[in-house]
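**Student:** One structure, pasted below without further comment.
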Amino acid sequence: MTLASIRRGYHVIKTLLQYGLDDVLPPKMTPWYFKLARNSLFWIRNKHKGKSGGERLKLAMQELGPVYIKLGQMLSTRRDLLSDEWANELAMLQDKVPPFDGALARQAIEAELKAPIESFFDDFNETPLASASISQVHTATLKSNGKAVVLKVLRPNVEAKIQADLLLMSQTAKVIDYLLGEGNRLRPSEVIEDYRVTILGELNLKLEALNAIKLRNNFLDSDALYIPYVYEEFCYPRLMVMERIYGIPVSDIAALKAQGTNFKLLAERGVELFFTQVFRDNFFHADMHPGNIFISRDHPENPYYIGLDCGIMGTLSEVDKRYLAENFLAFFNRDYHRIAQLYIESGWVSEKTDLQAFEQAIKVVCEPMFNKPLDEISFGHVLLELFRTARHFDIVVQPQLVLLEKTLLYIEGLGRQLYPQLDLWQTAKPFLEQWMAEQVGPKAMFKKVSTKLPYWSDKLPEFPELIYDNLKLGRKLLSSQQQMLDKYLKYQQQAHKSNYLLITSAILLICGTLLFNQDATLWSPYVCLISGAALWIIGWRSRPKNRKF
């Protein structure tokens, strides 16, 4: 551990204690040695006693910087772990940091390009268009065609800083795991590992560029979503170049109203986009907070979304997709038994789970939701409450489903912000029912066969040879097994013969000894002893030598 990491660790502890976060820890996490350590830091006092626990955590993370801000944002989506009060406070964290020097950005860009910026771009603006904790965005125009572009570049030394904070978080999580013991609901190490994978993925701008290209290709003919063009030839792990867009931030409701945007159509398209990404393409944008979404300025009566920042993308297995769709349909049909079955069949909870107890727990949580109209029921909260319930039955956390839940909550919140009367169920139900219909029945079977047909037709000419080879191999195996059986039987015969001779020799030797002790003048003891010794020698020498067969 370096001096810098010790200094950083002390700063983190000091900040957490100054916000009195030790006061909100459960008794399990404050054994006598924790209290002793806390009392030894007597000069660090709680300066925010009047604030709630959630607000104090938010302020502490804001003070600790970008890595902790992003962790807080991620935790705000884990409502299966945190109370709504704490989650709502963390959701207010903003990833806003002062920009770094434009000259440093120029150096970083030129290091990736291995050439001066002016070799490829004109009008490079050293004043950033936007700045965040991991990267910064600058504007320019392409020298080759004069088109406006943005250059996204990582902050200097950001990787080392993030790795150092992640190591500290991981070590702290292990301590908390130890203090909470087996069976704790929070599972800090699991949370930090999910966060580590997410944030390290954001450090590779080449990967983000490839994600954006794939998402753009999925919606090339769409009138609902536009992904800016990515100039792949200028994309590297620390640099990404893409088309500049001029949309209206989705959070700027006043500007959207001023241009006469069709909010109902926009909200419905948002829901359709989510389900299309998940169920049609199996590739969904998992970071759809308002800062990454813009609305087109042209054709406000037929608006479309503009999506940015494809650093975090999610995918589901075919099994997960099917179980998820069935879950939603079962919920709105109030089939709680089927929901419980689906969680067990999918492997999300253990097959040893008490099905009746699990079904009853789901019913207790979900039934009150039907006291409100269908158009007021939140898909995201349905999924959230199901996960919370399953948590008590030791659910195996699926990171891809956590991403999905977060995205669904974003989309729902956004849709109802744009159009409060949005009936999410009526918008999504036809899509889910159509998708389920495509997964079962003759049509689905024909589609699956059609998908496999090229592979089968490629392998068909090899079938006769494969059948012949397998028959030949079968004969060899049969012959080999017969040989092994013969050897085994021969071994058993030899073993039985040897054992018989050894036992007989032992009996003769014992009898000879007893007779000799009674009357040494008789000839019978000598016959017994000599015969016994001879049989023992024959039996010993006739033992099978090789046990391999």
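Heads up, the Cβ atoms here are built off N, Cα and C, so glycines get one too.
Taken from Swiss-Prot, the feature domain 'Protein kinase' covers 123-501, and the record attributes it to sequence analysis. Summarising the annotation, Swiss-Prot assigns ATP binding site to LEU129, ALA130, SER131, ALA132, SER133, ILE134, SER135, GLN136, VAL137, LYS152 and lists sequence analysis as the type of evidence. Positions annotated as active site, proton acceptor by Swiss-Prot, on the basis of sequence analysis: ASP287. If you look up Swiss-Prot, you'll see 498-518, 520-540 marked as transmembrane segment.
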**Student:** Enumerate the residues of the same chain, LEU129, ALA130, SER131, ALA132, SER133, ILE134, SER135, GLN136, VAL137, LYS152 excluded, that satisfy the criterion Cβ within 8 A of the mean position of the Cβ atoms of the recorded ATP site; list them in sequence order.
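**Tutor:** Sorted by sequence, the hits are PRO99, PRO128, VAL153, ARG155.
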**Student:** Of the binding-site residues LEU129, SER133, VAL137, which one sits closest to ASP287 (active site, proton acceptor) when you measure Cα to Cα?
**Tutor:** SER133
**Student:** Restricting attention to the domain 'Protein kinase' (123-501), give the mean pLDDT.
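**Tutor:** Value for the domain 'Protein kinase' (123-501), mean pLDDT as a whole number: 80.
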**Student:** Where does SER133 (ATP binding site) sit by DSSP, helix, strand or coil?
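**Tutor:** In three-state terms, SER133 (ATP binding site) counts as coil.
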**Student:** Go through LEU129, VAL137, the listed binding-site residues, and name the one with the sparsest Cβ surroundings, counting other Cβ atoms within 10 Å.
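**Tutor:** Among the binding-site residues LEU129, VAL137, the sparsest Cβ neighbourhood within 10 Å belongs to LEU129.
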**Student:** Quick one: among the binding-site residues SER131, SER133, SER135, which has the most Cβ atoms sitting within 10 Å of its own Cβ?
**Tutor:** SER135
**Student:** Need one number for the ATP-binding residues LEU129, ALA130, SER131, ALA132, SER133, ILE134, SER135, GLN136, VAL137, LYS152: the maximum pairwise CA distance in Å, whole number please.
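**Tutor:** The span, Cα to Cα at its widest, is 14 Å.
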**Student:** For ASP287 (active site, proton acceptor), list the number of other Cβ atoms lying within 10 Å of its Cβ atom.
**Tutor:** 22
